[in-house]
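Structure record follows, encoded as structure tokens.
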Amino acid sequence: MKTLLLTLVLVTIVCLDLGYTLKCNKLVPLFYKTCPAGKNLCYKMYMVATPKVPVKRGCIDVYPKSSLLVKYVCCNTDRCN
């Protein structure tokens, strides 16, 4: 009985994420990275002239300011960028 209980506890620890970790897409959306602590936003950066082609994607802690040439889109759910 103790072995079964210990097994259930270990499976729970392995399967559950102890502390939420955000996952953001890298430049190629097939790949993603787990964001470090404090980085609670995913972002996508692209040039205003070519909005369909992202230049950079990743994790960030604050919403960056867009400019006339560069636009940022941020979100806070897994792989939303």
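Counting begins at 1 with the first residue displayed.
A Cβ is built for glycine as well, from the same backbone N, Cα and C atoms used for every other residue.
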Cysteine paired with Cys35, where Swiss-Prot records a disulfide bond, from Cys15, Cys59, Cys74: Cys59
Candidate in Cys15, Cys42 joined to Cys24 through a disulfide, as Swiss-Prot lists it: Cys42
In three-state DSSP terms, the structure that Cys42 (disulfide bond) belongs to: strand
Inter-residue C-alpha distance, Cys24 (disulfide bond) and Cys59 (disulfide bond) (nearest angstrom): 6
Secondary structure of Cys24 (disulfide bond) (DSSP, helix/strand/coil): strand
